Amino acid sequence: MLEAPNRRPARFITFEGGEGVGKSTQVRRLLNNLGDRDIEAVRTREPGGTPKAEAIRSFILQGRSEEWGAGAEAVLFAAARLDHVNQLIAPNLAKGTWVISDRFCDSTRAYQGLTGGVNDGLIDALENLALDGHVPDLTIVLDMDPALAFKRVEQRAVEDGLQLTGDRFEKEELDWHQRLRENFLDIAANNPDRCVVLSAEQGEEKLEAAIWEVVSGRFPELQTGPVQ
Ligand code: Z5A
């Protein structure tokens, strides 16, 4: 009988939460921590991650699908996700490379479903179709007061020398973002085995350490020190 190759399982980790909570920052930091342990990992994002999905991203974030309504937008996000899963996520996991994604399916449920009013039946069907079984092994939900997160986004714009015009979703009102925050917390409460909520109001290093504690506690293959 052929022996299965002695390969460590690849893990699929997603980061979720509102705008400006520090997802991209922590995805980068987690990639570095995995690299220090000799774990091969790719960083990706949604919407996006593949050329076709990035094309859908620009279309949506420029506001070109807004008049179609939240249902059609949920379908567009799912179309982007289908390509992302087929072309990037599944092949990497199959060859043993970890995948770390800045947003994934919980964003559709939180934005288009719970906040945008798209019914659960459509959200569930799109999720089944696009994921094809590729449910994340772990989802880190970064949670903070949206008013504080806005301040960070403003500060980032100042540092980058950009005027803060806001994309499709950044233009929404504060109480909309407050509802969004609650929706992510509800999703986490409904998926306690997969989701861990961490306060994003702590500094970058402290949050990085808290994330590492969760990730290394979850996956036993990480419970050795960094490769020297
Ligand atoms: N969307 C949807 O509706 N449905 C879907 O299915 C999907 C997405 C997948 C994508 O936006 C939009 O698409 C999104 C939801 C919608 N809505 N919006 N807007 P995006 O990818 O362009 O933006 P985002 O996901 O909201 O990310 P962001 O604004 O770039 O924020 P972030 O990645 O969470 O934060 P960051 O860039 O890491 O940090 C923001 C700033 O804060 C930056 O200057 C950092 O240096 C600073 N920072 C980070 N961490 C800290 C800490 N801990 N302390 C202090 N300062 C910090």
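Every residue, even glycine, has its Cβ placed from backbone N, Cα and C.
Automatic prediction, not curation, is the source of TrEMBL annotations.
According to TrEMBL, the protein has these features:
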- 15-211: domain 'Thymidylate kinase-like' (DOMAIN)
- Gly17, Gly18, Glu19, Gly20, Val21, Gly22, Lys23, Ser24: ATP binding site (BINDING)
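Structure with TrEMBL features highlighted.
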{"residue": "Gly17", "record": "ATP binding site", "Cβ contacts under 8 Å, 6 or more apart": "Lys23, Val141, Leu142, Asp143, Met144, Arg181, Phe184, Ala200"}
{"residue": "Gly18", "record": "ATP binding site", "Cβ contacts under 8 Å, 6 or more apart": "Met144, Pro146, Ala149, His177, Leu180, Arg181, Phe184"}
{"residue": "Gly20", "record": "ATP binding site", "Cβ contacts under 8 Å, 6 or more apart": "Ala149, Phe150, Arg152, Val153, Arg156"}
{"residue": "Val21", "record": "ATP binding site", "Cβ contacts under 8 Å, 6 or more apart": "Leu142, Asp143, Met144, Ala149, Ala200"}
{"residue": "Gly22", "record": "ATP binding site", "Cβ contacts under 8 Å, 6 or more apart": "Leu142, Arg152, Ala200, Glu204, Leu207"}
{"residue": "Ser24", "record": "ATP binding site", "Cβ contacts under 8 Å, 6 or more apart": "Arg45, Asp102"}
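When pLDDT is averaged over the domain 'Thymidylate kinase-like' (15-211), the result is 95. Those same-chain residues not listed among Gly17, Gly18, Glu19, Gly20, Val21, Gly22, Lys23, Ser24 yet with C-beta within 8 angstroms of the centroid of the ATP site C-beta atoms are Leu142, Met144, Ala149, Ala200. Its Cβ placed at the centre, Lys23 (ATP binding site) has 22 other Cβ atoms within 10 Å. For Glu19 (ATP binding site), the number of other Cβ atoms no farther than 10 Å from its own Cβ, over all displayed protein chains, is 17.
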